[in-house]
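A.B. asks: This is the structure I have questions about; it appears just below.
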Amino acid sequence: MARVVVDVMLKPEILDPQGQAVQRALPRLGFEGISDVRQGKRFELEVDGPVDEAALARIHDLAESFLANTVIEDFTVKVEEVAEAAK
Amino acid sequence: MSRTPLDTVEHATATPDVELPWAELGLKKDEYERVVEILGRRPTGAELAMYSVMWSEHCSYKSSKVHLRQFGEKAPQSDALLVGIGENAGVVDVGQGYAVTFKVESHNHPSYVEPYQGAATGVGGIVRDIIAMGARPVAVVDPLRFGAADHPDTKRVLPGVVAGIGGYGNCLGLPNIGGEVVFDSCYQGNPLVNAGAIGVMKHEDIHLAKASGAGNKVILYGARTGGDGIGGASILASETFDDAKPSKRPAVQVGDPFQEKLLIECTLEAFKEKLVVGIQDLGAAGLSCATSELASNGSGGMRVTLDDVPLRDSTLSPEEILMSESQERMCAVVEPEKVDRFLEICEKWDVIATVIGEVTDGDRLEIYWHGGKIVDVDPRTVAHEGPTYERPYARPSWQDELQADDANKLPRPQTSEELKDQVLRLVGSPNQASKKWITSQYDHFVQGNTVLAQPEDSGMIRIDEETGLGVAIATDGNGRYTKLDPYTGAQLALAEAYRNVATTGAKPLAVSDCLNFGSPEDPAVMWQFAEAIRGLADACQQLGTPVTGGNVSLYNQTGEVAIHPTPVVAVLGVIDDVARRTPVAFQEEGQLLYLLGDTREEFGGSAWSQVVHDHLGGLPPQVDLERERLLAEILISASRDGMIDSAHDLSDGGLIQAVVESALLGGRGARLVVPDGLDAFTFLFSESAGRAVVAVPRSEEVRFNDMCGARGLPVTRIGVVDGDAVDVQGEFALSLEELREAHEATIPALLA
Amino acid sequence: MTARIGVVTFPGSLDDRDTQRAIRLAGAEPVALWHKDKNLHQVDAVVLPGGFSYGDYLRAGAISRFSPVMETVIEQAKAGLPVLGICNGFQILTEAHLLPGGMLGNDHLHFICRDQKLRVENAATSWTSDYSEGQEIFIPLKNMDGRYVADQYTLDKLEAEGRVAFRYLARDGVANERGNPNGSLNDIAGITNEAGNVVGLMPHPEHAVEPLIGSGRTDGLPFFTSILKKLVNA
């Protein structure tokens, strides 16, 4: 089993009021020096079988057509190692 | 690693000396001994879990039930009551073959811990109570009380609670039509988040929570069961009972309104096809409560296989499964030949449904896990025969002193300028200010039947499109009045809700209540509770409006300090044709303003005494229930016969508050004349009960006066709808613009 | 003769029955359509109603857009079937790319429910012909994710082609920050496709069809009489 992570972010030009609300709260909480916050979504897909190029291409399609709305959002796909050693 | 061996009935019998953590689960020693006596052996861990949660204050009403009996004993004769106290919610006949069910419940403690989810799951729970009666939910209302408006924690709690109510209720498609928002520092560490719901059905569709008919199947449907809200039961799941480490299970339950919406639709479809023999929602105490109540209300016993419960978390122990308070679950009893169709409907709505047991012809509730019998009890002993306490109560020593601190003796405004200044402060104070910032976060249009919604005196919903039949609901409570005199304060809450319903033109029919008090172990609190119930029961009897059900919430306090005693009363009314409803807003310039009822110097517990003097003392306004009844009759007749175009009940803030609200909502001012025999201050700020202000078209003036005269209701002409200011002649004038700024800016400035 | 207008129920649809009532009040025949059923049952037009289909999980409208019924709706809308998306329906139409742009959370982060003033900017679509261009109306608004966004090119194109169908106005009639309830770009409340058969808007015309009920106004009824006239005269 492997885990593929899809991160979805609003396109840079689109207003992100949630991120702004977080950013505005930072000085109040004593966190200085952070000039911008943007909030996104993270999807963790547990994939049966090997994550080969074909599988990644399928996940890319899935992200493009469903997990993200590319009119307003960008996305990235990356493979995350699942730590087998823990077992 | 799991605990071995499984604590079955057999194992419990064989190991009588095993010590169970009954105290950690909240049972008293004598209560635990009573369980052992009932069973004739020590309970299994699962049985202990069930008894401990079902015998808790929250589920068993053990401190309150000796007092609550009065609602039954003093119940007025009423043909309208179809189902009374004891079921999930009461049911009232509103005519034309329709029945209405309604109830108010509290979700106070969870909402303080996690405001959004606490409030959201409060809405979810009350709505499931309504569905469980067979009704389609048609509206919700939310009476809310928070700490001081300018306290930093209020800014954490209130926006979360409001977003939670909106987030859940809006997504369910239920219009939010009423409620209250009150601020008082006594609620700082203990906000009151009460939630009410109304449902509508035809008489023949009433369903009850009982499991009858041996062989009928018990179906659990809705969300999977997870580790939500288990709390103490986790102790039972640890390897040894004395290994009482802190719970790893989350205490906060998370709501899924989308799942609940599907639950509503699939339940109503199953009702429509007459597939359901008995039904119960899963709320507090989850499966423990649902199985024991269904079984004890029915004629037989019940056998349940816990292994069949669909789980979200496969590590849950049987005790945890029984205690889990995972939301959005229901339990239905269905005849065997109808099970397939029931499951089909669930599948249509993508709702998980599983047969987990069946009704037996015995009288035992038996629950199995991995083949072993882990529960074997008489369900009545779990659900209905819990302990009853006669808690000691005593009038607190400070009560006399509080009442002697007379608010009528507080310094009053000496000049017109001071009077004007105090009016502006009043209408802009957090409690009297517009709550639009809050209510605009609730959908009040959905379902397309909303006739009136907040800030109207009562919310009103059309229930029949052809005839225009409608129902109205108002909720009221005044902790300040009740603190001064619990008996009178509770009656004032009822009187106000009753009056609010009548002001919109509906006839009050029945009552539900949510009784929020401090610790019952404090004799002073118990006295407040006993007095409030006595007052409420007496008043319901006199007004002819039976209590159909409700909820008691105790232990509302921060440390040793209890909240003000706060009985919140909901009154349900019916109106034959919603086209005859009367709104708050002034409708037309030139209409005459009349004050109905008597105005006395009554300032104890008033908004004025709070805003201007930060004072609480003296006596609350007097109650005259016969007068309330007469006033209601006049208001209803005047609405029906088109004699009044707007009406507003007078309560906290007095006459000036009511006139300002009607003026701002209508966008039309008023010229007021202080009547003979009253000073301007008393005229504007007194909170005498049994009063309303109405706007009468000139063409109706004679007829209206004749009606009031013939019935013996005092009426005083106090002015006219006119201009763009509220002008108290000889005293001051405030433009609508100034008033709007004062009234509408307060809440956003504090909370947005 | 009357027209058959379908109203799709998705799991979590809320205003489906209200929309059926509005269609009936306008004199047309409402037909209930189910999201799992590809068959449109010979309807002449389709309304995607408001609500929180699939709880607005993922993104508002994102999951419904892939339901079986939408396959047919998308195919036939492209061939000229009149389709109206209200609120969640509008969100579904943008997710399905039948209308350009997308919908995000309100800029103030709160749900908002109010009677909203709008200006009709395009009275030539299938759903707006009973209005006149420039007419100012009040229609209830209630949503969490009502902020219309699109890239500058798309906005310019919509404006140039007159495809902004409705714009938010303040009570005094001028579109300004107080009139715009959610931060929508260009104060856009609703748009149409090039052919004028597909229209989407955030406010709820089905809640403004009867005096006394809801907002107490009937400013929303022309949506349903517009389409009825068009279909009956066709």
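The backbone N, Cα and C atoms fix where each Cβ goes, glycine too.
Predicted automatically and left uncurated, TrEMBL annotations should be read as such.
What TrEMBL records for B:H58 is active site. For B:H107, the entry in TrEMBL reads active site, proton acceptor. Look at TrEMBL and you will find B:Y61, B:K103, B:D513, B:G550 tagged as ATP binding site. What TrEMBL records for B:E105, B:N551 is Mg(2+) 1 binding site. Marked as substrate binding site by TrEMBL: B:S106, B:H107, B:N108, B:H109, B:R128, B:Q253, B:E325, B:S326, B:Q327, B:S553. Annotation comment: TrEMBL describes B:D129, B:D281 as Mg(2+) 2 binding site. As annotated by TrEMBL, domain 'Phosphoribosylformylglycinamidine synthase linker' applies to B:24-62. Feature annotation from TrEMBL assigns domain 'PurM-like N-terminal' to B:86-201, B:456-575. Residues or ranges marked as domain 'PurM-like C-terminal' in TrEMBL: B:214-369, B:588-724.
Help me understand the surroundings of these features in the structure.
C.D. replies: On its own chain, B:H58 (active site) has B:A284 as residues at least 6 apart in sequence with a Cβ closer than 8 Å to its own Cβ.
Secondary structure at B:H107 (active site, proton acceptor), taken from DSSP and collapsed to helix, strand or coil, is coil. Long-range Cβ contacts of B:H107 (active site, proton acceptor) within its own chain (separation 6+, distance under 8 Å): B:G118, B:A119, B:T121, B:G122, B:G125, B:V193, B:N194, B:A195.
Neighbour list (B:G550 (ATP binding site), Cβ cut-off 8 Å, at least 6 residues apart, same chain): B:K103, B:V104, B:E105, B:S512, B:D513, B:C514, B:L515. According to DSSP, B:G550 (ATP binding site) sits within a strand segment.
All protein chains included, B:E105 (Mg(2+) 1 binding site) registers 25 other Cβ atoms within 10 Å of its own Cβ.
For B:N108 (substrate binding site), other Cβ atoms within 10 Å of its Cβ number 22.
Broken down with DSSP, the domain 'Phosphoribosylformylglycinamidine synthase linker' (B:24-62) shows 25 helix, 0 strand, 14 coil.
Taken residue by residue, the domain 'PurM-like N-terminal' (B:86-201) breaks down under DSSP into 47 helix, 45 strand, 24 coil.
Helix, strand and coil residue tallies for the domain 'PurM-like N-terminal' (B:456-575), in that order: 45 helix, 42 strand, 33 coil [DSSP].
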A.B. asks: Do at least three CB pairs under 8 A connect the domain 'PurM-like C-terminal' (B:588-724) and the domain 'PurM-like N-terminal' (B:86-201), leaving out pairs fewer than 6 apart in sequence?
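C.D. replies: No, the stretches stay apart by this measure.
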A.B. asks: Given a 10 Å Cβ-Cβ cut-off, pick out the one of the binding-site residues B:S106, B:N551 that has the most other Cβ atoms nearby.
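C.D. replies: When each Cβ's neighbours within 10 Å are tallied, B:S106 leads.
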A.B. asks: Mind checking how the domain 'PurM-like C-terminal' (B:588-724) divides into helix, strand and coil residues in DSSP?
C.D. replies: 56 helix, 24 strand, 57 coil
A.B. asks: At its widest, how many Å does the recorded ATP site span between Cα atoms of B:Y61, B:K103, B:D513, B:G550?
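C.D. replies: Across B:Y61, B:K103, B:D513, B:G550, the two farthest Cα atoms sit 17 Å apart.
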A.B. asks: Among all protein chains shown, how many Cβ atoms are found within 10 Å of the Cβ of B:D129 (Mg(2+) 2 binding site), not counting that one?
C.D. replies: 25
A.B. asks: Between the two most separated Cα atoms in B:S106, B:H107, B:N108, B:H109, B:R128, B:Q253, B:E325, B:S326, B:Q327, B:S553, the residues recorded as binding substrate, what distance in Å do you get?
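C.D. replies: So the binding residues stretch over 21 Å, Cα to Cα.
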A.B. asks: What does DSSP call B:D281 (Mg(2+) 2 binding site) in the simple three-state scheme?
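C.D. replies: In three-state terms, B:D281 (Mg(2+) 2 binding site) counts as strand.
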A.B. asks: Using Cβ atoms and a strict cutoff of less than 8 Å, what residues sit near the domain 'Phosphoribosylformylglycinamidine synthase linker' (B:24-62) while being 6 or more residues removed from its termini?
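C.D. replies: Those are 7-9, 11-13, 15-16, 18, 68, 232-233, 235-236, 241, 244, 284-285, 288-289, 292, 318-319, 322-323, 367, 369, 374-378, 381-383, 386-389, 520, 552, 554-555, in sequence order.
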A.B. asks: Taking the domain 'Phosphoribosylformylglycinamidine synthase linker' (B:24-62) alone, what is its mean pLDDT?
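C.D. replies: A mean pLDDT of 91 is what the model gives the domain 'Phosphoribosylformylglycinamidine synthase linker' (B:24-62).
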A.B. asks: Nearest of the binding-site residues to B:R128 (substrate binding site) by CA-CA distance, picking from B:Y61, B:D281, B:N551?
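C.D. replies: Looking at Cα distances from B:R128 (substrate binding site), the smallest one goes to B:D281.
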